Amino acid sequence: MNTNSLNRTDCPEVKVPFLIFFTVGMVSLAENSLVVLAVILNRNLHSPMYCFICSLAAFNTIASLTKTWENLMIVFADVGHLEKRGPSETKLDDMMDCLLCMSFVGSIFSFLAIAVDRYITIFHALRYHNIMTMQRTGGILVFIWTTCGVSAVLMVRFFDFKFIMICFVVFFIVSLGIICFLYVYMFLLARIHAKSIAALPPGGEGALTLTILFGAFVVCWAPFFTHLIIIMVCPLNPYCECYRSLFQLHVVLIMSHALIDPAIYAFRSAELRYTFRKMLLCLSRKLCC
Amino acid sequence: MSELHNRSQTSARRSDYVWQYEYYDDEEPVSFEGLKAHRYSIVIGFWVGLAVFVIFMFFVLTLLTKTGAPHQENPDAADKRHRPGSCLVDIEDQKDKSDKAFSRPLLTGTRSYFNFYVNEEGQAQRENNREDGGGSFKDRRGTRSSDVMEEEIEDAGTPHPLNGLIEESRMERERVFLSQYNIPNFVNLEHSSTLGEDDLVYEPSVVLERHSQTPCDTH
């Protein structure tokens with residue numbers, strides 16, 4: 001630790017207890033893997049919308065798994081079982097950072113895909129089945145996963161270059177803008193047409209739902225990205241240092257977004273809830289028998 | 001000695017680096033003296049800004065919803081009044097709205113179907129179709145999961161061979177049609193189904209049925 005009094009910081013790093021990380025990680029892992037399983041098992045859910053939701057849940061699963069594992073390793077390292085700067089640990093750390101980056105970028109891409117899919121469902125409904133075929137969906141998913149994998153490797157490899165971080169932040173801001181625009185546009189036009197059409201848009205996207213959807217995304221992701229911006233812009237400023245000291249809180253926020261994502265996207269569908277019930281019933285029967 | 005001490009200090013500092021916080025640069029001290037504002041001012045400012053943004057967005061969306069509600073009430077109320085026994089013109093409501101672009105294609109698209117149907121079907125068929133239409137529309141409305149915009153109407157389009165059948169009585173029919181037209185009802189039916197050829201012929205019959213059954217005084 002820094003023993004020099006000049007180096008003492010008035011903003012000590014805020015440490016989040018390991019138990020919180022572990023709980024959030026485990027619950028989010030359980031939820032998201034359940035969603036992935038449900039979509040794969042139920043044939044009715046083999047539609048583009050559910051494929052994107054499944055992809056989002058898969059990315060969240062990877063994120064929560066990796067984060068929980070990383071925290072376990074930190075605990076072991078703190079206790080002394082692991083050497084922090086050993087070659088194998090560094091490689092492992094790099095790999096975990098890769099997976100985390102991949103899942104972050106992937107979940108943002110999945111949100112984009114879900115928003116675009118909903119947009120096409122609403123505004124090009126007749127041509128929806130021609131525009132969004134299962135082959136195209138598969139192609140889009142392959143593209144998303146490949147891009148995420150490649151960009152994650154690049155990001156971790158060349159993390160020293162500021163350019164990579166700038167790209168990351170710009171990507172986040174642009175995606176945020178597109179998602180915001182798509183949802184607000186859908187909402188506005190659906191409201192206008194609700195005057196003449198008494199049918200509600202899918203998922204009952206009223207003001208509250210949309211606020212929750214978008215608000216959760218912004219509240220959970222913006223702090224982390226502001227952190228990245230602050231690292232680039234003002235590494236030595238004491239105010240910025242105080243912001244950076246809350247890093248662990250921001251990571252918990254991202255993990256909790258992986259936790260609430262299924263509630264926002266997946267569990268709103270009756271078909272998916274029905275599949276869950278069936279799965280749990282089958283599981284309990286198997287365990288009882 | 002001092003070199004060793006320095007090396008051990010730097011190596012101690014390096015080993016003090018936390019696992020993932022590689023960018024925390026402990027070698028360059030940050031001075032906390034002479035801060036004018038509170039230490040956590042950026043943090044507080046950031047969260048306040050975020051909260052304001054989310055609340056603002058919520059209020060904007062709610063406001064948009066609320067401005068839509070009064071317009072929505074009129075067609076619904078009018079609807080309930082219409083069904084028992086009278087026909088009222090709902091077109092005025094639609095004309096006042098800014099979304100004329102949406103209402104016009106609906107009218108042009110559906111007019112031809114109305115006219116086509118009026119020419120082709122007889123009274124008895126309408127009687128038969130009515131019960132079927134009521135039940136199936138409920139089903140379709142339940143399964144249809146999205147709002148369909150004017151594109152659907154335009155895509156359904158005007159089948160050209162059918163238009164030829166109705167040219168002579170078109171103007172007359174239009175007048176009758178417009179006076180009896182009830183956009184919310186019709187659009188509900190129109191949008192709540194997957195449009196196929198038989199549906200397009202089928203649906204106007206239900207609305208027409210409702211109108212024909214109720215004694216209409218053209219205003």
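From the backbone N, Cα and C atoms, a Cβ is placed for every residue, glycine too.
TrEMBL entries are annotated by machine, without manual review.
Values in this document were obtained by computation on a predicted structure and should not be read as measured data.
TrEMBL lists A:20-41 (among others) with the feature transmembrane segment. Cβ atoms under 8 Å from those of the transmembrane segment (A:20-41) belong to residues 50-51, 53-54, 57-58, 60-61, 63-65, 67-68, 71-72, 252, 255-256, 258-259, 261-262, 266, 272, 275-276, 279 of the same chain, restricted to positions at least 6 beyond its ends.
What TrEMBL lists as domain 'G-protein coupled receptors family 1 profile' is A:31-265.
The transmembrane segment annotation in TrEMBL covers A:94-116 (among others).
Taken from TrEMBL, the feature transmembrane segment applies to A:137-157 (among others).
Taken from TrEMBL, the feature transmembrane segment applies to A:163-186 (among others).
Annotated transmembrane segment per TrEMBL: A:207-233 (among others), in sequence order.
Using a Cβ-Cβ cut-off under 8 Å and counting only residues 6 or more beyond its ends in the same chain, the transmembrane segment (A:137-157) has close neighbours at 48, 51-52, 55, 59, 94, 97-103, 105-106, 109-110, 113, 164, 168. On the 0 to 100 pLDDT scale, the domain 'G-protein coupled receptors family 1 profile' (A:31-265) averages 83 in the predicted structure.
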